[in-house]
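Trainee: Mind looking over this structure? Questions follow.
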Amino acid sequence: MKLQFNLKAYFKTSADPTPAKDAIAALFEEANSTLLTRGAPEGQGAKVTEWKLGEDRIELTLQSGRYVRVHDAIFRLRKQLAEALGKKYKIGIRGIEVESFIIKVPADHELRMLKVPYIKSMENIEGGIQLELEVGEAEMKNRVPDRILTLLEEKIEAAQYGAKAEHWNLLWQREPMEHPFKEDPTQAMMKEGWLKRGSSRGQWIHGPQSARIFRTFEKIVLEELLEPLGYREMIFPKLVTWEVWMKSGHAKGVYPEIYYVCPPQTRDPDYWEEVADYYKVTHEVPTKLIKEKIAEPIGGMCYAQCPPFWMYVAGETLPNEEIPVKVFDRSGTSHRYESGGIHGIERVDEFHRIEIVWIGTKEEVLKCAEELHDRYMHIFNDILDIEWRKARVTPWFMAQEGLLGLAEENTVGTTDYEACLPYRGPDGEWLEFQNVSINGDKYPKGFNVKLQSGDELWSGCSGVGLERWAAVFLAQKGLDPANWPEEFRNRVGEMPKGIRFL
């Protein structure tokens, strides 16, 4: 099956168009071979396949493929008809009414019904999917059918991608190591008083010992990677608005995983008095009442750490001599709503991360990524001395945004770093604890960032998740500093005492 559009519609006329029947017939015949083929390969333009006249209308059926789509074709015809009928016959075109709009899209996999505006019905048919749209003149002019088609094709491509096994490719793996420690590090840390659960799901309070480990990881990243490679520290916002996520592309699918932010409708104390009074009397927080008094979500808590940075450079032009731009942020927590039950520090809703971002030409971005890979290998082999591997994967946004072709070229994509967790057993699932992503022109285009020379800008990012580093290191080395690699132990120094309780 090929992509097919079928539109049944009519032009509303100011008078009976019958006197102009011959002129209309000639116009449609001519348009099928000229007007409706412009911009399309030979034989792939749109066509008027049927038409008839009514007292106050010109009814027609249009068919097309991917080129000169029917909703574009009908506006081309409107302009020609208005000129032809207006001059000679004094008949005006008052608007367009749509009777049916059907798109047939080739697909190898069935899809669930899309629950979005303007879709009247969706059916899985032999060889593809059939959509019936409920659109009018305004929606066609605003290219709503194109956006619906793009959404559907992205979902088809993502379904095909999900059926493949090739989106995880092993690049390198360290030789197997002996791991005497076999405990779950989270349980061991809790038992030794290194950390306790916070009051919110997926949240931990880190004691002095755990905090020392985190700060040592940060120091290693600063001294062994960020400073030698010339990265400058910034502070990124941790409340992210819809505007940012729309530009970054996250607005296409982030909703199940973010913590939403809703501001008060007003700061007027009188407006909130009944909430405060309710608590004073009942000693319960009236969450339903609060829900009535807060505004709609303005965005959410930091999810992926780098998008807010891009508002700093949005709409700007970078001088040639200023690239590559290399920055990092370690100023606060990120938040991600994790599914399932209770997890350890390897899977949390609130976590600490150093986010590394770089911008430059394609060649510069690829070079920066290689530099990071080299420094990470040094850290994981020579300082932490862990058993790990790295694999090339395709990130979620590419499957979601129809960018899989770029990933297959092996330039745009993500390299995941994974480590074994001995307590899970020899056949247990490895944990992804680090990544390096090359995002192509996704962010510079989304935030309208340009280069003085006019050359295309690319970007990359890499997140250092401190909880994941701790989960991996402590799972393999345990909590006893005597069993840690000497290089790491020297950087930690004397471990602080924990807080004692009776």
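Counting begins at 1 with the first residue displayed.
Backbone N, Cα and C atoms are what each Cβ position is placed from, and that goes for glycine too.
Not measured: the values here are computed from a predicted model.
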Trainee: Among ARG375, ARG392, ARG468, ARG489, which residue shares the ATP site with ARG336, TYR337, GLU338, ARG347, VAL348, GLU432 according to Swiss-Prot?
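Mentor: Answer per Swiss-Prot: ARG468.
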Trainee: Of CYS262, CYS302, CYS306, which does Swiss-Prot put in the Zn(2+) site with GLU355, CYS461?
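Mentor: That Zn(2+) site, as Swiss-Prot gives it, pairs GLU355, CYS461 with CYS306.
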Trainee: Check Swiss-Prot: it lists GLU432, ASN435 as binding Mg(2+) 2. Then name which of ASP416, ASP455 it lists for that same site.
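Mentor: Site partner of GLU432, ASN435 for Mg(2+) 2, according to Swiss-Prot: ASP416.
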Trainee: Listing them in sequence order, which of the binding-site residues CYS306, GLU338, ARG347, VAL348, GLU432, CYS461 have their Cα within 10 Å of that of GLU355 (L-serine binding site)?
Mentor: CYS306, CYS461
Trainee: Helix, strand or coil for GLU432 (ATP binding site)? Use DSSP.
Mentor: strand
Trainee: Express the distance between the Cα positions of TYR337 (ATP binding site) and ARG353 (L-serine binding site) as a whole number of Å.
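Mentor: About 16 Å separates the two Cα atoms.
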Trainee: Using the recorded Zn(2+) site (CYS306, GLU355, CYS461) as reference, state which further residues of the same chain have their Cβ within 8 Å of the centre of those residues' Cβ atoms, listed in sequence order.
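Mentor: Sorted by sequence, the hits are ALA304, GLN305, PRO307, PHE309, ASP329, ILE356, VAL357, SER462, GLY463.
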Trainee: Sorry to bug you, but what's the C-alpha spacing from CYS306 (Zn(2+) binding site) to VAL348 (ATP binding site), rounded to the closest Å?
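Mentor: About 19 Å separates the two Cα atoms.
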Trainee: Compute the mean position of the Cβ atoms of ASP416, GLU432, ASN435, which form the recorded Mg(2+) 2 site, and then list in sequence order the other residues of that chain whose Cβ is within 8 Å of it.
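Mentor: What remains near the Cβ centre is ALA391, VAL393, THR414, THR415, TYR417, GLU418, PHE433, GLN434.
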Trainee: Can you figure out which of GLU338, ARG347, GLU432, CYS461 (the binding-site residues) comes closest in space to ALA304 (L-serine binding site), comparing Cα atoms?
Mentor: CYS461
